[in-house]
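S.K.: Look at TrEMBL and you will find B:1-34, B:70-97 tagged as region 'Disordered'. The annotation domain 'TsaA-like' is assigned in TrEMBL to B:6-136.
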Protein chains: 2
Amino acid sequence: MTSYQVRPVARIESPLTDRATAPKQGDEGAPPSRVVFAPEFAPAAADLRPGDRLVLLTWLHEADCEVQAVHPRGDRDRPSTGVFSTRSPDRPNPIGLHTVTVTAVDGGTLTVTGLEAIDGTPVLDVKPVLGEVAER
Amino acid sequence: MTSYQVRPVARIESPLTDRATAPKQGDEGAPPSRVVFAPEFAPAAADLRPGDRLVLLTWLHEADCEVQAVHPRGDRDRPSTGVFSTRSPDRPNPIGLHTVTVTAVDGGTLTVTGLEAIDGTPVLDVKPVLGEVAER
C-alpha cells in the first residue's frame, strides 16, 4: 500500500525529557507544557483560545516502529499483546493521542495541561474535543 | 522541520463512497463497515475482540492539505475558522479520528459500527479507548 508524508505543525516544550520516567498518560501526573506552532501554520491555529479542550496528535519520535506486540505498561507479568490493543508508543505508526486543556495563548504558543509527551515531540494535528451533536 | 512517513496498516470497506454525502461524524448516522488489516500487521491486531471500543486514526486521502481555514461544517454563515479549531478533513495532516465499536472479528477483518470514513480510506493506527486509570 502507498505510504504518506506527515509534516510537524508544532513542537512540544516540556520539563519531561526522558521517555522512561514520563507519565504513561496525561492524567497520570503530567506537568504543564507548551505547544509551539511553526509560523507557517499560524492561520490554522488562529482561533485557539484559553479553555479549549483539544486532541493533539503527535509523532512519538523515539518509538520503535517494528514492534507489533508488547507486555502492557512494560509489566512482564501481563501477557504479550498486539499493540493495537494497547497504548504502547512502540507501534507501526507511532502517533500519540492526547487530550489537553489550553490555559494560555501567546502568539503561536499554547500553554496546556494534561500532556505527557516529552520535550521536542512533533505535533501533527490539533482538533477540538467534540461536544454534543447539536453544538457542532 | 523533518517530515515522517506513515504506512497504512488496514483499509476501510464501507457502503459510503462519496465524501460529500457521508455523515460528518460517526454518531451522525454511519452504517456498519469493515476494517481489513494488511497481512503483515496481523500480529498487532491479534488481540482485538468483539465489544472492544477503539480509536481509529485514518488518512483522509481525499483531503486538501493546503487548507488552513474553513467555514465550519461547510456553512458559509459561520465565520472562517482556523482548521485546528474545527474537525474539517481539509488540514495540514489529514488524519481522521474515529471512535468505533467492534461487533465481529473474522481473521484480519473487523466489523465496526460508528465509522463515517468512506470506502478505501487507509487506517494508520488502532488504539483502545482508555478506561479508568486503575484498569489500564
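Glycine too: its Cβ is placed from the backbone N, Cα and C atoms.
Any TrEMBL annotation is an automated prediction that lacks curation.
Worth saying up front: this structure is predicted, and the values here are computed from it rather than measured.
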S.K.: What are the DSSP helix, strand and coil residue counts for the region 'Disordered' (B:1-34)?
M.R.: 0 helix, 9 strand, 25 coil
S.K.: Using DSSP, what's the helix, strand and coil tally for the region 'Disordered' (B:70-97)?
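M.R.: Looking at the region 'Disordered' (B:70-97) with DSSP, the answer is 6 helix, 6 strand, 16 coil.
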